[in-house]
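According to TrEMBL, the features are:
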{"type": "TRANSMEM", "residues": "55-80", "note": "transmembrane segment"}
{"type": "DOMAIN", "residues": "86-241", "note": "domain 'Sodium/calcium exchanger membrane region'"}
{"type": "TRANSMEM", "residues": "116-138", "note": "transmembrane segment"}
{"type": "TRANSMEM", "residues": "150-174", "note": "transmembrane segment"}
{"type": "TRANSMEM", "residues": "186-205", "note": "transmembrane segment"}
{"type": "TRANSMEM", "residues": "220-239", "note": "transmembrane segment"}
{"type": "TRANSMEM", "residues": "275-294", "note": "transmembrane segment"}
{"type": "DOMAIN", "residues": "276-417", "note": "domain 'Sodium/calcium exchanger membrane region'"}
{"type": "TRANSMEM", "residues": "306-332", "note": "transmembrane segment"}
{"type": "TRANSMEM", "residues": "339-366", "note": "transmembrane segment"}
{"type": "TRANSMEM", "residues": "372-393", "note": "transmembrane segment"}
{"type": "TRANSMEM", "residues": "400-421", "note": "transmembrane segment"}
């Protein structure tokens, strides 16, 4: 009776003929009904409705989308006024919601691909905005802007973002120390120290004038070190996603409960192909705005009377990563520090171990002398920052006082870059 009541839709012709008449009718109607449902799903009205819904979800629904008009305004100002300071400012504000929406589209696509591919997507597109800006600047020969903006993203994530998150979470949960997975933090700290190692030697080699071939040895060493760092980052991804994913589990039952709540709420709002399409559209628009942004940096520096180093290291990362900053603080206030560390320290690891060496390799392909010599001042700043944050994370606890110390450290770094004269720029 069960076979008559619910026939198999994939029965072959001989089996179908041998079935009773009622079962054959039921199978035929069921097959026709499924085809009709598919056909109805692709009617012009349904397609138009789905398109409008997708546009609403991606471009209108989020509050940060009120900043989207700043992008077109930057393009208009570029051609009508030529005031580079305003073009830079409007481009910077306009890129902020695009970066957040790019992250949203990546998360939506990851819902369909599974945890492994999803992790690779997040690793690839997690800092796509910085990568696009860097590649455009590299194409224009602005190597110092590339180096300083990537360095600024690392400093901003490790000191400002993590500090604000620890401070906000500590104030909300005043009566206790917040906990996070210490193993995850230590693995990322180790990778950051390896990145410092790769960046330090070209700078020291240049400063001590101990190169075998002046001006060439540091570039060759940088290219070799970059390839090694990319291999290390690939091994890290395999270790994190496939080999020992249990190492990155939350530390206690409360955190696990919070993660289960996130997974239950993690229902995709757009389809897989919509997510892919939005990734393409947003990447193209970010690329266009990045061109106007990079072209306006020098003009903005003169009109605002600010060093290019300060704009590249401080202003670009703060505004460009504003959405990530807000999400890290929000998760810390909800006592989900493992996610906060993933945003702050994880992003720093991606930039130092993937974005920076990737730009060196791309510059190599372009014929540009992009290297890991960030100059002594910048290298020392990065080294001290990694040491300070590593010491802060080694206990696996967070509170408002640790957050305040990190914020104050960032203020010192910002002030130092405001009065710093870049020797590479001054020589030119």
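Just so it is clear, glycine is given a Cβ too, placed from its N, Cα and C backbone atoms.
Quick caveat, the model's predicted, so the values are computed rather than measured.
Here the listed stretches are 150-174, 186-205, 220-239, 275-294, 339-366, and the one with the most C-beta pairs under 8 angstroms to the transmembrane segment (400-421) is 150-174. Using a Cβ-Cβ cut-off under 8 Å and counting only residues 6 or more beyond its ends in the same chain, the transmembrane segment (339-366) has close neighbours at 123, 126-127, 130-131, 134-135, 138-139, 143, 146, 150, 153-154, 157-158, 161-162, 165, 169, 180-181, 184-185, 188-189, 191-192, 194-196, 198-199, 222-223, 225-227, 229-230, 232-233, 236, 262, 321, 324, 327-329, 331-332, 372, 389, 393. Here the domain 'Sodium/calcium exchanger membrane region' (276-417) is broken down by DSSP into helix, strand and coil counts: 119 helix, 2 strand, 21 coil.
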